[in-house]
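Q: Quick one: structure below, then a few questions.
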């Protein structure tokens, strides 16, 4: 390994996402043709056509949307209907509901539309009624009854002066309503199935209707008769009349008259001449054989469900059954843009193209989707007749050709054996010379690729397997080819992985078996630098195996469910794994440690692939989300280095401020550096309590420091002083707004009560000691009076003198250092009786007892500030047990004093006389 190799250990963050934005329902396009409005559950997503990204989202809280309608005049407002029987008007740019009202329908609204002036809103309900609303004056103007069943189509006549409304319901008729009289004028009968769309000519005298009965009808609105019925031989979901003043010869429009485009179950657009009912243009999409097969199906995922005209830009927007939105440019009907609204379950995903600029996605659809990462635009590849298979490993130079080849190759293979599906494929690494596939039939096949693959123009390549090997006892879930194209690894549901050799005449021979997993193996992967193989299993583990002796080298455990994919990154020093728990984990092989867990999915992460430059990766999940991750190792290292340099500079500045005794600035800088010990030192040295600006976060830091300091008896006085300043200058409401303020205040209360109890006990003992001292002074005066009277008896001072000296000795031994620090702080200025003769020993006793009292109270009141000022060690680490021991020692000393002091209440002259 090279010096500084640890810098290659990667760290990833999500850079972009491809999320579902359309799950069915009505699609609307703004008047300026810049945005697409589509429903996704309880949300309305606004898609910007130029970038393909969601720029706004309108959320209905706990309401499922059933219909969306867009106002056509500025400001463009949005009206939505939900199952809660509510109509809401939105300012979609601000995502705010400007107005909501109850729909008078007794059941949810099925269809909505605005007139050309955007003043009237028509709603068709599932109860068979139609309501018209004046959006400006906000009231219901019409209640039209007479439809049978669900009113699934309502549309105003484009000429608002006619005051006509067209509707269709389950009776398959088209009702014409006169809004001036609120009566149904006539019912246009021609269809025998649901009417799906209406389109009007520019003069408003001709209308074309489409239905699922595979016909389109041209109507003369003056006579209200059908002019022609055109058989289109497919269930038509949308029809659009083409403009007459444009040159549309590229799509077969070579004569004057009305022409219309139909979109339906076949998934292609066709142009029809209205006068003759003849199809003049058919869009090519699939081969004839596939088209014949799809004619027998009614649920073709490529079928079109909506067709919209964008007149300003001469475009058509088609919506497919798989929730894809396709934009076609007139006059040639060329595909301009494709947007994937819903990917469903993503099964595999790979990087594609030069510099990994694209990703290709395989889903449980029969179509492959190629996304351009820069613009999110998509290219949909059709051809498969079932679920898209797993994708190739794209590491060869001409990977685009290999992808298309595999796409076509899999059609031929799956058609020959429909009962056994292909599970995995892998292309050779050094050169695109062969393919390896694994299947549910427990076999591994090697396929030779044509040598002129890069120059051939054939669309379909007929491939024959070079060799077929019965590899496992159950389904083969994964295959992989070594970097030198000499070895092949296969993983199976039978809980084993096998190593094969590809050398020789193309024969596959077994080299060894890897055993150790407790459940089926999902993925196998060769290391790019070492002779090891990585396998993932349904037992939740990832294992590294030696290719020399087939032994297990390392086991990585961390996923809560099956591990589905594994790839090597960081030049083979790290692993990326994805699992059924929705997590992607980054492992360091040397330490067996999971260094990062990436959480961006809510379901199984089937797809995982890294780029060639090892600077990004992509994941695809069953939750229909695709996430692109970028390597931010260098960025994080640069940020960390800049942060460390800034810390060093600030630390040096703090040292300079302390040396210059600029304590005010030093205090603010220490708080900003989050150094509570330094803050406490500055407060002790300078006796300065500094309060930052109340709106500053430094005040919150001071409150947090007070909680730490208050746990130590030596620092509690400083903590209480700072707390007093905070409570004095900041209102309680301001303090409670700080993060964690409630928890900090709750932590202050028990320790503060404890300190108050200790001080209370100390004051009580001091008062008792003061009382005894006064009593002793009285006794000494009495003794002096007795001696002056000339009594002959000798005074016995042993019982009193010995305890005094014993107390002074013990206390002096236990607190000699404290007496030295306290110096001459004793109260030696007490008034003495001049008539009482006192010996020097008794005077010393008095001084020592005074010293003891003053030192005890000083230690509590001053918090031993002199001692702690010079202490450079962390005083916040002192435990509360030491405080309890100090309290016990003080109590014991008090008990000793009481034990040796005389308790008699009689005059003490007789006691001292022998």
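Every residue gets a Cβ built from N, Cα and C, even glycine.
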Q: Per TrEMBL, which of 263-282, 283-302, 303-322, 323-342 is region 'Disordered'?
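A: Among 263-282, 283-302, 303-322, 323-342, the range TrEMBL annotates as region 'Disordered' is 283-302.
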Q: Using Cβ atoms and a strict cutoff of less than 8 Å, what residues sit near the repeat 'WD' (144-187) while being 6 or more residues removed from its termini?
A: 110-117, 120, 122-126, 128-132, 193-198, 200, 204, 207, 209, 211, 213, 224
Q: Which residues of the same chain, at least 6 past either end of the repeat 'WD' (188-229), have a Cβ under 8 Å from a Cβ in it?
A: 152-153, 155, 157-159, 162, 166, 168, 170, 172-176, 235-241, 243-244, 258, 260, 262, 264, 272, 274-275, 277, 307
Q: What residues elsewhere in the chain lie close to the repeat 'WD' (469-502), defined as a C-beta under 8 angstroms and at least 6 residues from its ends?
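A: Contacts of the repeat 'WD' (469-502) (Cβ under 8 Å, skipping residues fewer than 6 from its ends): 393, 423-431, 433, 436-440, 442-446, 508-515, 517-526, 528, 533, 535, 537, 545, 547, 550.
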Q: Just to be sure I understand, if DSSP states are collapsed into helix, strand and coil, how many residues of the repeat 'WD' (598-629) fall in each?
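A: Summed over the repeat 'WD' (598-629), the classes give 0 helix, 18 strand, 14 coil.
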